[in-house]
Amino acid sequence: MDIIKLKHITKQYDDGFVALKNINLTIESGKFYSLLGPSGSGKSTILRIIAGFSQPSSGQVFFDGKDITDLDAAKRHINTVFQNYALFPHLNVFENVAFGLKIKKQPMDKIKPAVKEALHMVRLDGYANREISELSGGQQQRVAIARAIVNEPKVLLLDESLSALDKRLRKDMQFELRAIQKKLGITFIFVTHDQEEALSMSDEIFVLNDGMIQQSGSPVAIYDEPVNDFVARFIGDSNILSGRMIKDYEVEFANNKFKCADGGIKPNEKVEVVIRPEDLDIVAPEKGNIVVTAQTQLFLGDHFEIKAVDANENEWLIHSTNGVKLGERVGLFFDPEDIHVMRLNESQEDFDARIEKYEGDENEN
Amino acid sequence: MFLKKKHVAPKATYREVWSKGDIATKLSFFIMGSNALANKQWVKGLALLISEIVFIVWFIFSGISTLGILATLGPIKSKKVVYDAAQGVYITKQPSNSVLILLFGVLAIILCIAMIYLYIVNLRSTRHNYILKRDGEHIPTNVQELKSLLDTRLHATLMVIPLLGILFFTVLPTVFMISMAFTNYDRQHPIAFSWTGFQAFGNVLSGDLAGTFFPVLGWTLIWAVAATATTFFFGVLLAMLIESKGIKYKAFWRTVFVIIWAVPQFVSLLMMAQFLDYQGALNNILMNLHWISSPIHFIDNQASPLVARITVILVNMWIGIPVSMLVSTAIIQNLPEDQIEAAKIDGANAVQIFRSITFPQILFVMAPSLIQQFIGNINNFNVIFLLTGGAPMNSKYNGAGSTDLLVTWLYNLTFGQEQRYNASAVLGILIFIISAVVSLIAYRHTNAYKEG
Ligand SMILES: Nc1ncnc2c1ncn2[C@@H]1O[C@H](COP(=O)(O)OP(=O)(O)O)[C@@H](O)[C@H]1O
Ligand SMILES: [Mg+2]
C-alpha cells in the first residue's frame, strides 16, 4: 500500500539555488527505504519536505492519498530522527522521550508505560533517569529513536542518523535499526551518503544526484544494473569502459568483442560497460577473455584488491580471494551476464522501457 | 624497560639536623644564613643574615613600640593640657593619631610574619644542605643557586613583584579596614580611637543602626533579585524577538541596542535623572499629552518610596537589557535548530518551545554569569548613587534613603555627616559575607543542576 507519494516536487531556495528537480517517488507502507546520494545532492531537502519543515516550490506531497503539502509538521504522522540527535540536554532520558506526549497533554499513567515500552524497543531499559550527557553516542542515538517512536508515527525519517558513530557501533546500529523497523512494522526512510549502509539495510533505494533521482530499485537491481555511470561509480567500485554496441547481445570494448546479456540498443551506438571487480576471475592468460598485468595489490582482510592494466592501458580493478604476483601476466574471465551495458545519458524510465521491450521480444521468440 | 626512579634523599627531621649538624648548621637556628655562608652560598647567606640583622635592629628600636601601642591605639584619647614638671610649664598634648598607629601596627605585623617566613626558608635550606652533605651529594654553588632563580624556579622569581603588590595594595588595606570594624572610630573619636570589640557589630545588628540595616538589606536583596531577573528575562525575550524569522534588519536592531549599552553608564544615568526630574522632560511630555494633571515625583525627595523603587528598577532594565540581549543572542544562535524542529514535530507551539526548550537552556548556560550579575547588583553603587542618590529620604532611617542599597548607605556613613567609619567597616564585612554566602550556595546549586 502506498503511504507517501511525491509528485513533481521541485525546490528552489531563497538564494535561487535549485536543490530538487522534478522528484517523483512512491513510498510503500512497512518498508525500509534509503535515500542515497553524495553530500549536497538534496537528500535532506527531500526529507524536510516530507517532514513538513520545508515547503516545495512546486509539486505535491501525498500521505495515504491525501494532499498534505501545506499540512503542519506536527499534524503529519511522521517523525524524524535528526543527525545530531537533537536531544534536549537539560532534560533526562525519560523527559526527552516523554516530551511529545507531555505536550499532547497525555496523562502521566499513559506516558510512563509508553516511554518504558519505547526505551525497551531500543534496548535502553533502566536508563530512564540518566542525563543525556552521561550517555555514549550510540545510546544517545537510541534515545533519539525512542523519542521518535513513542509518538507512534506511521513513517520514521532518519537523516544520516548513523554517520556520527564509529564504524563498529554503526554496524551494530544498522542491524538494530532494521530489527526495530521489522518489529514496529512502520515505514523507515533513511538518508545516507554511505552506499554500503544503504545496500545492506534497505528494501529499496533511491539514488540521488544533483537534485534528481538517478535510479530507484532494490539493492540488488541497483548494484547489478546501474542505469548510468554515476550510479555505477557511486554504488561500489567498478570497472567502467567505453565501448560500442555491435548488435543485440554483442558488445565491443577493450578492442575485443564479447557476448553480453543486454539488447534493445541501436547497433554501433556508443555505450559504457560496467563489470564489477568481484565478477572478474583470475585465470591463466590463455583462458581469459582479456589479458592484464597486475600492478598493485592490497590485502583487505577478506579479499585482495588488485589493480591491473591491459594492453590498451585500460585499468582493471579486481577483487580476488587469492593474490597474484605483481608484474605477472594473468587472464581475466567473465561471463556474458557479468557485463552490464549502459547507454549514455539514459534515464531510468527509458531504461525500464527498453528492458521491458527486449525482454518482451525475447519472450515472444 | 622502566627507567629507575631518580634517587630521592631520605628526609631528615629538624631534630636530626639540630643534633647531628655541624656548627654552622646548628648556628643557623639562631643566625640565619650561617649554614649557607659555610657552604659558600654567599648571596643567599648574606641576604638572610642581613635580613635578620635589619629586622632585629628595627624590632628593638621601633617594632616593639609600634606593636605595643597597637594594643591601645595610642595613649592619649583626647586633647588635654598637662603640666610638664621638667620645664615647669603647661603644654597641650594632641591626641594620638590612631589611624597611623593602626596602619603601622598592621604593617609591623606583616613584617613579623614575613620574617617568620624567611626563618622557615632558612631552616628548610639548612636542612636541604644538611641532607645533601650527609648523603655526599653536590651542594649547589652560589652561581648555581642564582641561576636556578632564573631557570627552574623562575616562577617563584616572577611571582615576587605581584606578591608584594597584593600584600601592600590588597592585604594591607583589607586588614586595616577589617580592624576598623572593631574600634569606635567615628565622629566622636575622629583622631584617637580605641578597640571596642564587637560593639560596632552590635550597633549595626541590634543597636541604633539596626532599624536602618535590616530594611536596607531587605531592599538591597529585592533590588538585586529584581534587577537581575528583569534584565535577564527581557534581554532573552528581546534577543528571541530580534532573532525570530519575521524580523528584518536584524543587525540594525542589534546595533541600536548596543549603542545604548556603549554610552558610558554615568552619562546615561545622569541623563535619566534629568529626564525623570520633577521639572524634567518626561513630566512635561505627560502633562502636554494631558495624561497627568500635575508632575509626578519619580525619584526626588518627595517621591513615594514605591514609585522611586519601581522607577529605579525600570531604568536599570533600560541599561541592563542590551547586555543580556547580546549574550543571549549568541546563545540562541548556537542553539541547534533541529532541537526546535524536534519539539515542533511533537506539536509544541512557540510559547511551549520557549518555556521548555529555549529558556531553560539559556538559563543553563547563563547561570554562572547571572550569579555574578546578582552580586554585582547587590553592590550596584552607580545606578542608585547617580540616579536617586538614595532619595527619597526616609526619616526612620539613619543616614539612608528609601532607595539606598547597603553600599550607598556605607558611602553615606563614611562621607556623609555621620562619619561612622567603624559602622561602614562592619557593613563592608557584612556585604562581603552576604555576597560570599549567596554565590557559594548558588554555584553549588548550579553545579548540582549540571551534574544532575
Ligand atoms: N537553506 C538553504 N538555502 C540555500 N541552499 C540550500 C539550503 N539548504 C540546502 N541548500 C543547498 O541545497 C543542496 C542540497 O542540500 P541538502 O538537501 O542538505 O543535501 P544533502 O542532505 O544531500 O547533503 C546543497 O547544495 C545545499 O547547499
Ligand atoms: Mg543532509
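Cβ from N, Cα, C; glycine included.
On a predicted model such as this, the values are computed, not experimentally measured, just so you know.
Feature annotations, reproduced from TrEMBL:
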| type | residues | note |
| --- | --- | --- |
| TRANSMEM | B:46-71 | transmembrane segment |
| TRANSMEM | B:99-120 | transmembrane segment |
| TRANSMEM | B:156-182 | transmembrane segment |
| TRANSMEM | B:216-239 | transmembrane segment |
| DOMAIN | B:217-442 | domain 'ABC transmembrane type-1' |
| TRANSMEM | B:251-276 | transmembrane segment |
| TRANSMEM | B:310-332 | transmembrane segment |
| TRANSMEM | B:353-375 | transmembrane segment |
| TRANSMEM | B:421-443 | transmembrane segment |
Top Cβ-contact partner of the transmembrane segment (B:216-239) among B:46-71, B:156-182, B:310-332 (pairs under 8 Å): B:310-332
Chain residues in Cβ proximity to the transmembrane segment (B:99-120) (below 8 Å; excluding those fewer than six residues from its ends, i.e. six or more beyond): 32, 48, 51-52, 55, 58, 63, 66-67, 69-70, 73-74, 167, 171-172, 175-176, 179-180, 183, 185, 191
Criterion met for the transmembrane segment (B:421-443) and the transmembrane segment (B:156-182) (at least three Cβ pairs under 8 Å): yes
Folded-back contacts onto the transmembrane segment (B:46-71), same chain, C-beta under 8 angstroms, at least six residues removed: 31-34, 36-37, 96, 101-102, 104-105, 108-109, 111-112, 115, 118, 121-122, 195
